[in-house]
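Colleague: Next up is a structure, given as structure tokens.
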Amino acid sequence: MPLITNVIARQILDSRGNPTVEVDVLTETSYGRAAVPSGASTGVHEAVELRDGDSGVYLGKSVMKAVMNVNTHINDRLKGMDVTEQVEIDNTLIALDGTANKSNLGANAILGVSLACAKAAAEYSGLSLFRYIGGTLATTLPVPMMNVLNGGAHADNNVDFQEFMIMPIGFTTYSDALRCGVEVFHALKALLKKKGLSTAVGDEGGFAPNLGSNEEAIELVIEAVGKAGYSVGSPTDRGGIGDAQVMIALDPASSEYYDADRKKYVFKKSSGKELDASEMAEYWEKWCSDYPIISIEDAMAEDDWEGWKLLSDKIGSRVQLVGDDLFVTNTRRLADGIDKKVGNSILIKVNQIGTLTETLQAIDLAKRNGYTSVISHRSGETEDTTIAQIAVATGAGQIKTGSLSRSDRMAKYNELLRIEEELGAEAYYPGVKAFRV
């Protein structure tokens with residue numbers, strides 16, 4: 001029986017130079033390490049990331065309280081437990097914290113421990129993490145959402161919407177799909193240079209030029225796909241995917257420009273336009289008729305259930321509508337959405353909920369109710385590649401892990417290449433079959 005002998009946490013730095021938590025879990029015969037990501041645009045319903053708040057140390061962002069919680073309370077409680085009992089470990093962590101949002105010990109402390117335990121258990125079992133979690137049928141590589149153009153909270157420019165992404169859906173292998181993404185990324189860089197626009201990148205490695213409008217952003221991405229020699233689909237109400245190799249995905253992160261008091265969506269970075277929920281839903285309906293969009297994440301604000309319902313009724317049958325801030329990887333909020341027939345997909349961020357068990361429960365609930373799952377990074381990342389392993393373990397079929405630059409993003413793409421190699425002939429890339437619209 002692989003009993004936990006020590007749980008050790010330390011403060012490290014993430015891809016934005018901010019402190020985060022890294023945890024080592026040791027047993028008598030195995031070891032696991034996990035580092036915790038952090039978001040820039042965070043939902044109000046997310047589990048709480050515990051930071052010290054001392055403005056004189058790392059501008060208040062130090063995580064030494066969370067580190068100490070791991071090294072004392074959590075270490076004392078988990079010592080002697082069987083590291084392969086993931087559910088028991090996670091339930092113990094939840095009970096030890098004693099709050100609904102993990103604000104006592106910190107979700108960053110709890111998550112680091114939860115993931116490190118899974119890795120130690122996988123090593124003890126002599127298996128890759130994706131095999132340990134997912135079993136012998138874990139053979140599906142995810143279709144990536146590649147964030148090539150940034151705006152919103154992820155970039156200092158005049159684009160309201162946070163992420164403009166490409167999805168290489170017309171391929172039969174992950175490695176070919178990845179190559180497509182890389183070539184489109186470089187074609188976009190050349191296109192921006194030719195137009196005299198900045199090729200500086202945002203938090204997730206996508207370009208962040210100052211553009212005249214939100215429309216110009218998506219049109220540049222579509223143009224870059226063609227310049228790279230790939231075909232882009234049609235709008236989903238006019239033929240849609242067909243034999244296209246690439247479709248477009250968006251993450252507007254609408255909660256960031258939603259005025260909850262006035263119930264208005266305010267395009268404050270670009271035109272200053274103000275739209276109510278009905279007008280915002282119509283806006284997205286028009287975009288999905290004008291552009292080859294297959295997926296929109298957080299198209300409406302996190303608590304604008306009325307707006308979400310309007311949009312779901314309008315385009316939910318032909319466009320993947322992903323709830324991130326809406327569902328926050330939380331089974332209770334997802335169950336509400338399912339009951340209200342809102343959205344048709346959930347974004348899975350391990351640090352939104354705080355344990356591996358709860359993450360897997362959210363994916364399972366989505367799957368049982370016909371919702372897709374997209375495994376996701378955060379804007380503040382590390383070299384940790386756990387989400388790549390989770391994507392394959394769960395057969396989610398989709399992953400969102402940034403652009404084709406910055407080593408913190410490339411680490412996940414490269415890990416998927418290694419998994420594809422390990423799987424060999426068993427590796428399956430679903431392409432368009434990853435979607436249910």
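The backbone N, Cα and C atoms fix where each Cβ goes, glycine too.
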Colleague: Check Swiss-Prot for me: it has Q162, K349, R378, S379 binding (2R)-2-phosphoglycerate, so pick out which one of K340, K341, K367, K400 it puts in that same site.
Modeller: K400
Colleague: If I go by Swiss-Prot, which of D237, D243, D251, D384 binds Mg(2+) at the same site as E297, D324?
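Modeller: Record source Swiss-Prot; matching candidate: D251.
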Colleague: What recorded positions in the list Q162, E204, K349, R378, S379 lie within 10 angstroms of D251 (Mg(2+) binding site), counting C-alpha atoms?
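Modeller: Checking each Cα against D251 (Mg(2+) binding site), the hits are Q162.
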Colleague: How many Å separate the two farthest-apart Cα atoms among the (2R)-2-phosphoglycerate-binding residues Q162, K349, R378, S379, K400?
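Modeller: Taking every pair of listed residues, the largest Cα separation comes to 17 Å.
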Colleague: Other residues with Cβ within 8 Å of the Cβ centroid of D251, E297, D324 at the Mg(2+) site?
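Modeller: In sequence order, the nearby non-listed residues are Q162, E163, L250, P252, A253, I296, D298, V322, G323, D325, L347, S376, K400.
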Colleague: Given a 10 Å Cβ-Cβ cut-off, pick out the one of the binding-site residues K349, R378, K400 that has the most other Cβ atoms nearby.
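Modeller: Per the Cβ count within 10 Å, the most buried is K400.
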Colleague: Helix, strand or coil: which one is E204 (active site, proton donor) in, per DSSP?
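Modeller: Its secondary structure by DSSP: coil.
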Colleague: If you count, for each of the binding-site residues Q162, S379, the other Cβ atoms lying within 10 Å of its Cβ, which residue has the minimum?
Modeller: S379
Colleague: Would you mind reading off the Cα separation of D324 (Mg(2+) binding site) from K349 ((2R)-2-phosphoglycerate binding site), to the nearest angstrom?
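Modeller: Their Cα atoms are separated by 8 Å.
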